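Inspection log for the structure reproduced underneath, given as structure tokens.
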Amino acid sequence: MRESLKNSKRLVIKVGTSTLMYGNGHINLRTIEKLAMVLSDLRNEGKEVILVSSGAIGVGCHKLQLPVRPTSIPEQQAVASVGQSELMHIYSKFFGEYGQVVGQVLLTRDVTDFPISRENVMNTLESLLERGIIPIVNENDTVAVEELEHVTKYGDNDLLSAIVAKLVQADLLIMLSDIDGFYGSNPSTDPDAVMFSEINQITPEIEALAGGKGSKFGTGGMLTKLSAASYCMNANQKMILTNGKNPTIIFDIMQGEQVGTLFASKKEEFSHDGTH
């Protein structure tokens, strides 16, 4: 299964705020520059790449020198407005150093749920990829809301990245996180924690390990990643969860090395290869 990843042509890379920012609230320029280099080199190699990036509110807080993240929705959305433009400025600068053009795509749930606008998004992404441009996708935090009558939020960019992967029929979603993969117990408290190399089915037992009832693991962050993995597997797609602190790990994944946790349903092998 890992060997087949070498043939992946269309990739979606998801990067979270924890990878883009230091714990002290400052921007991790070293990681962002490495990420730009890796994705630009994949483009040079002939791969098609889409980046799903969080960080608008985090970068906005840094830009506005806010000591803590605002709690009210209007304030959060104002900070996201500043942060998103700053984030794109940083990406454009670093990708530009490697001769790569990027394009911003901001989405809300109602856009990808509604057939006509969803098709429009698909066409836009295809057009960007055809021109050799790397789309940088984020939720439109400035306008997205989550109300009973009108839900436009995805909830998190983990799910958004899985939705984007399905929209563009990506060969692989690589989710860069602050953990090496999916573990059977919390690696920060259990030195004997074992990481899963591959998961073929999201069972209730797997969900419980991710922070379900009675588990001390995580605060739900891993559950959202499992939801994204489940979404991918239901769409017959593959996802890898791995640590994003050094983005060159993406090269290792593309060489078929045992990096992170691969989520892939067994039926996926039959549907693509015709053999097991």
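Backbone N, Cα and C atoms are what each Cβ position is placed from, and that goes for glycine too.
Database features (Swiss-Prot):
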type: BINDING; residues: K14, S177, D178, T219, G220, G221, M222, L223, T224, K225; note: ATP binding site
type: BINDING; residues: S54, D141, N157; note: substrate binding site
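Taking the C-alpha positions, the distance from T224 (ATP binding site) to N157 (substrate binding site) comes to 9 Å. Here S54 (substrate binding site) is positioned 8 angstrom away from K14 (ATP binding site), judged by their C-alpha atoms. Candidate binding-site residues: S54, D141, N157. Nearest to M222 (ATP binding site) by Cα distance: N157. Cα spacing between S54 (substrate binding site) and D178 (ATP binding site): 13 Å, rounded to the nearest whole number. Of the chain residues outside the substrate site list S54, D141, N157, T17, S53, G55, A56, I57, N138, E139, D156, L160 have their Cβ within 8 Å of the site's Cβ mean position. Straight-line distance linking the Cα atoms of N157 (substrate binding site) and D178 (ATP binding site), rounded to a whole number, equals 14 Å.
For the binding site of substrate, formed by S54, D141, N157 according to the record, the largest Cα to Cα distance is 11 Å, rounded to a whole number. Residue pair D141 (substrate binding site) / D178 (ATP binding site) shows a Cα separation of 22 Å. All protein chains included, M222 (ATP binding site) registers 23 other Cβ atoms within 10 Å of its own Cβ. Scoring each of the binding-site residues (N157, T224) by how many neighbouring Cβ atoms lie within 10 Å, the top position goes to N157. Mapped onto three states, the DSSP output places D178 (ATP binding site) in coil. In sequence order, G16, S18, T19, N243, G244, K245 make up the list of same-chain residues 6 or more apart from D178 (ATP binding site) whose Cβ falls under 8 Å from its Cβ.
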